[in-house]
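Below are the features I grabbed from TrEMBL:
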TRANSMEM  A:59-85  transmembrane segment
TRANSMEM  A:97-115  transmembrane segment
TRANSMEM  A:127-144  transmembrane segment
TRANSMEM  A:151-175  transmembrane segment
TRANSMEM  A:195-220  transmembrane segment
TRANSMEM  A:232-251  transmembrane segment
TRANSMEM  A:257-277  transmembrane segment
TRANSMEM  A:315-333  transmembrane segment
TRANSMEM  A:429-448  transmembrane segment
TRANSMEM  A:485-505  transmembrane segment
TRANSMEM  A:525-546  transmembrane segment
TRANSMEM  A:612-633  transmembrane segment
Amino acid sequence: MADTAIPTPSRRFGPAWPVTGLFLLAGLASFLVLGRQLPPELWWRALVDPDPARLDQLAAHYVLFPRFAVALMVGAALGLAGTILQQVLRNPLAEPATLGISAGAHLSLAVATLWLPEALALGREWVALAGAGLSAAALLALSWRKGLSPVTVVLAGLVLSLYAGSVSGVMVLFNHDLLIGLFLWGAGFLDQQDWGMAAFLAPRLAVLAVAAALVLRPLVLLGLGEGGARSLGLSVVGARLAGLLIAVMLAALTVAAVGVVSFVGLAAPTIVGMAGARRLGQRMLWAPLCGAALLWATDALVLMAPVTYRELPTGAVTAVLGVPMLLWLLPRLRTSAPPVMSAAAQPPRASRPALVLAGAALLLPLALWMAVAFGPGPDGWGWSSGGDLAALWPWRLPRALAALSGGAMLAVAGAMLQRMTGNPLAAPEILGVSSGAILGVIVLMFSADAPERGAQIAAGGAGAVAVLAAMLALGRKDGFSPDRLLLAGIATSSISGVVVAVLMAGQDPRLQTLVTWLSGSTYMVGWTDGLAAVLLALLAIGAIPFVARWLDLLPLGGGVAAALGVSPSLSRIALFSLSALLTAAATLIVGPLSFVGLMGPHLARMLGLQRAAAHLAGSAMLGGLIMLIADWLGRSVIFPYQVPAGLLASMIGGPFLLWLLGRR
Amino acid sequence: MPDMTGAVDRRRFLHAAAALPLGLLAGGARSAEPRADGGVCALDWTSAQALLSLGIVPHGLPEIDRYRRSVIEPAVPSSVPDIGARAEPNLELLDRLAPARFVTDGMLSAVRGRLERIAPLTLYQSFDTGSGEGQGTENGGSGQLAFAVASLRRLAGELGVSEAAELAVARFERALDEARARLSGVPLRPLYVLSVLDGRRVLIHGRNSLYQDLLDRLGIENAWTGPSGPYGHATVTMDRLTGRPDAELVNIGSEGQRALEALADLPLFAGLPFLREGRVTILPPILFYGGVPAAERFVRLLGERLA
C-alpha cells in the first residue's frame with residue numbers, strides 16, 4: 001500500500017484529526033472505567049497475569065481488556081468492510097448490514113435456538129457464521145449472472161436481508177419468549193468473559209486485512225467505472241468478486257462475534273471521506289482506524305454509563321455517537337459518487353403501458369372482494385355471503401382497505417424517492433420519518449398507561465412531523481441534495497433502531513404489541529383510519545400527474561431540469577415532503593415495515609413501466625395489491641393466529657423479486 | 001357512514017353495516033342475534049390464570065399451547081378455544097365466540113373500542129408496574145403480593161364470585177405454610193432468583209418483584225439488591241453476581257441447567273461460590289408477573305426443590 005504512506009495534501013482538515021480525537025476520547029473513557037475498578041499500578045498486572053484470588057483483577061483481565069480488544073477489532077473490520085463495499089458497489093449508502101449478512105446470521109441463530117439447540121452448544125459464533133456464509137453465497141449466486149454488477153448486488157442483498165429478516169421476524173413473533181437470547185445478540189452487546197472471542201477474531205481479521213491490501217490495485221481501477229477498468233486490462237468480475245468476498249467475510253466474522261453493530265460500517269468510511277481521505281488507499285487505511293476508534297469510544301462510554309436495571313447494547317449505541325457526527329459532517333459532504341442506476345439495469349420499456357396499468361386496475365376490485373369474502377370460517381374455508389358476510393366485513397374491510405392504501409402510498413413514496421435520487425436502495429423507511437413515528441409511539445407506550453388508538457396515531461404523527469421538519473431544515477442549506485437527505489434519513493433511522501433494540505433486550509411484556517406493529521400489522525386499523533388511508537392514497541394517486549414531469553426531468557441532472565423550467569430545489573422539496581408525508585401516514589396505519597416501498601416500484605419497472613407517470617401509477621397499484629394479498633393471507637392461513645401483512649409481503653414478494661432479478 | 005368510533009351498540013352497528021352497499025350486495029340485512037351468556041374470555045395469560053384460579057373456565061384464551069408450556073398452572077381444560085396471539089387476539093373469532101365479558105391486562109388498549117363492541121371489558125392487572133425502579137415499600141417488601149391479592153379480589157367482586165377469591169388466597173397461604181414447614185429444618189442462604197437468558201446474561205428479580213415478597217414471607221433473603229425495572233427484574237451479566245459469596249442460585253426455567261454448566265467452565269465464573277460449590281436449584285417455568293396463582297406455584301416449587 002505504497003500510496004497510503006504519503007497522505008495527499010487536503011484542503012480539509014485531514015482524516016487524522018477525527019480519528020485521533022476519537023482515540024483520545026476512547027482512551028480517556030477507558031482509563032476512567034479501569035480506574036473505577038483497579039488502581040493504575042495494578043492495570044498491567046491484571047492484563048498479563050491476574051491474581052486468581054482477586055475478583056477485581058480477574059474481572060479486568062477477563063471482562064474489560066478483552067472487551068476493548070474486541071471493540072477495536074470489530075470496529076476496524078466494519079470500517080474496512082464498509083470502505084470496500086462503497087468502492088465495489090459504488091454506492092455511498094452501501095454498508096455490511098445492507099447485504100443480508102447479519103440478517104442471515106440472525107435467521108440461523110433463530111432456527112438453531114428453536115429447533116437445533118445442539119448446534120448452539122457448539123458455539124454461537126459458528127452457527128452465526130454458517131448463516132452469514134449461506135446468505136453471502138446466495139448473494140453471490142444471485143448476482144453472478146449479471147457479472148456482480150453493483151445494482152444487482154445491492155438489490156439482491158437488500159432483498160435477501162429483508163427476506164431473512166422477515167422469516168426470523170415471524171419466528172420472533174410466535175416465539176417471543178424463547179428468543180430473548182437472540183434479541184440480546186441482535187442488540188450488539190460487546191461484553192466478554194474471556195479472551196476466546198478476541199482470539200477467534202484476531203487471526204481471521206489479520207488474514208482478511210492482508211487480502212484487502214492485496215486487492216487494493218484492482219479495487220482502485222474499479223473506481224474508474226466498468227469501461228475504464230476493462231480497458232486497463234482488469235477483470236471487472238474478478239475484482240468485484242474479490243472485494244465482495246473480503247467485505248462479506250469481514251462482516252460475517254463481526255456479526256458472528258458480537259451480533260449486529262449498526263452504523264460503524266457506514267459512518268467510518270463516510271467520516272474519513274469527508275475529512276479529506278480521497279484515494280482508496282487512504283480510505284482503506286483510515287476507515288478501519290476510524291471504525292476502531294468509534295466503536296472503542298462508544299463502548300467505553302457505555303461502560304461509564306450509570307448502572308440501571310438494563311445495560312445499553314454498544315452495537316446500538318454507536319448510532320448515538322455516530323449520528324450527530326454524521327449530521328454535522330453532512331453539509332460538508334461533497335457531491336459524491338455517480339448515480340448507481342446504470343444503463344445496463346434498464347428492462348425493456350413496455351410497448352403499451354396503459355394496457356399493463358388497466359390489467360392491474362382490474363385486479364384490484366377482485367382482490368378486494370376476495371380479501372373480504374373468502375377465508376376460514378367456523379366450518380373451514382369458504383366464501384361468505386349474506387348474513388355471514390354482514391357479520392364479517394366490518395372486521396375485514398377496514399384492514400383490507402388500510403393494507404391496500406398503505407401499500408399504494410408506500411410504493412408511490414418509494415418510486416418518487418428512487419427516481420429522485422437515482423438510488424435503487426431509496427426505500428421510504430430510510431427517510432427517517434417512520435423512525436420519528438416509531439419513537440413517538442414508543443414514548444407514548446411507556447409514558448401513558450393504556451393509550452388508545454387515536455392517541456397512538458397522534459403521538460406517531462407528532463414524531464414523524466418533528467423528523468420531517470428537522471430534515472427540511474437540514475436540507476435547506478444545500479438545495480435538497482438527494483444523497484444528503486438519504487444519509488440524514490439513515491442516521492435518523494438508526495436512532496429508532498437503538499431504542500427498539502434496547503427495549504427488545506429488556507424483556508418487557510408490553511413489547512408484544514409493539515413487535516407486531518413494527519412488523520407491519522393492520523390489526524389495529526378500524527373504520528376511521530381505514531377510510532383515512534383510502535382518502536390519502538387517492539390524494540397520492542391524484543398528485544401523480546403534477547409531479548410526473550419533475551420526476552422525468554430531475555434524473556437528467558439539475559442543470560437540464562433548470563433549463564427546461566423546473567427548479568431543482570423547489571421540486572425536490574415538494575417531492576421529498578410528499579413522499580415523507582405518505583410514508584408517515586402509511587407507517588401510522590400499517591406499521592413501518594415498508595418492503596413494499598421497494599418492491600412496488602421495482603416490480604413496476606420490471607413490467608416495463610418506465611415513464612414517471614406510468615411508473616408511479618403502476619407502483620401504487622402493485623404495492624397496494626401486494627399488501628392487500630399479504631394482509632388477506634396473513635389473516636387467513638394460520639387462523640386464528642395472524643401474520644402481519646408487512647412481514648408476509650416480504651416473504652412472498654422477496655423470492656418473486658429475486659426471480660425477476662435473476663431472469664432479467 | 002355512521003360514526004364507528006363512538007359507542008355504537010352492536011345491534012345498530014350491524015344494521016348500519018347491512019344497510020351499506022356491500023351488505024346489500026351480499027344478500028341483504030341480517031338481524032342481530034340476541035347475545036346469550038357466552039362466558040368470560042381472557043385476552044392474556046395473567047387474566048386466564050386469574051379466571052382459572054377463581055374456578056371460571058375462560059371462553060377463549062390466547063396462545064394456549066405456549067401457556068401450557070410456559071405458564072402451566074392453573075391447567076387449561078382442552079375445551080377452551082384458542083383465540084390467537086396475545087398481541088393480536090383474533091377479533092373476527094372473538095365476535096363469533098360472543099363472550100359476555102372480556103378480562104384484559106390493558107395491553108390491548110389500542111383496540112379497546114372495537115373489543116367493547118363485542119363485549120364489555122374488565123381490567124385486571126396482576127402486577128404493579130408503577131412501583132418505580134428498584135423501589136420497595138417502607139416495610140421492606142415490594143408490595144406486589146398485596147397488590148396481586150387486591151386485584152384478584154376486585155376481579156372476583158366484579159365477576160360476582162367474591163368467595164372464590166378468598167379460596168384462591170387461602171390456597172396460596174396454605175402453599176406458603178407448607179413451604180415454610182418443609183424449609184424449617186433447612187439452613188436458608190440468601191437467594192439469587194434468576195433465569196439464564198443466553199451464554200452470559202441473566203434476568204434477575206429484584207426488590208420490586210413479586211418474588212421479593214414471597215421470599216420475605218418464607219424468611220429468605222433476596223441476594224440481588226441492585227436495580228430492577230418496572231417488572232421487578234433486571235438484565236445483568238453473570239459477573240455482577242459477586243456481592244454475596246454465601247448465596248444460593250435459583251434458576252427459573254428448565255433450560256437453564258446447560259447454560260449454567262457452561263458458565264461454570266469459564267475461569268471468570270469458576271470462582272463464583274454458588275457455581276463452584278454447586279448451590280444451584282432449577283425450577284420449571286413460572287410467569288413472574290402472574291399474580292396470586294404464580295405466587296402459589298413459586299412457593300410450592302421452591303419449597304419442594306430447596307428442601
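Placement of Cβ uses the backbone N, Cα and C atoms for every residue, glycine included.
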Taking a Cβ cut-off under 8 Å, which residues six or more beyond the ends of the transmembrane segment (A:97-115) line up next to it in the same chain?
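For the transmembrane segment (A:97-115), the nonlocal Cβ contacts are 85, 124, 127-136, 138-139, 153-154, 156-165, 167-168, 171-172, 175, 178-179, 181-182, 185-186, 247-248, 251-252, 255-256, 259-260, 262, 265-266, 425.
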Please report, as numbers and ranges, the same-chain residues at least 6 past the borders of the transmembrane segment (A:127-144) whose CB is under 8 Å from any CB of it.
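For the transmembrane segment (A:127-144), the nonlocal Cβ contacts are 99-109, 112, 119-120, 152-153, 156-157, 160-161, 164, 185, 241, 244-245, 248-249, 251-253, 255-256, 658, 661-662.
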Going along the chain, which residues at least six beyond the ends of the transmembrane segment (A:195-220) come within the CB cut-off of under 8 Å?
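Sequence-remote neighbours of the transmembrane segment (A:195-220) are 1, 62, 66, 69-70, 73-74, 76-77, 80, 84, 87-88, 125, 234-235, 238-239, 242-243, 246, 249-250, 253-254, 257-258, 279-281, 284, 288.
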Take the transmembrane segment (A:232-251) and find every residue of the same chain, 6 or more past its ends, with a Cβ under 8 Å from one of its Cβ atoms.
77-78, 80-82, 84-85, 87-88, 96-97, 99, 101-102, 132, 136, 139-140, 147-148, 153, 204-205, 208, 211-212, 215, 218-219, 221-222, 224, 226, 265
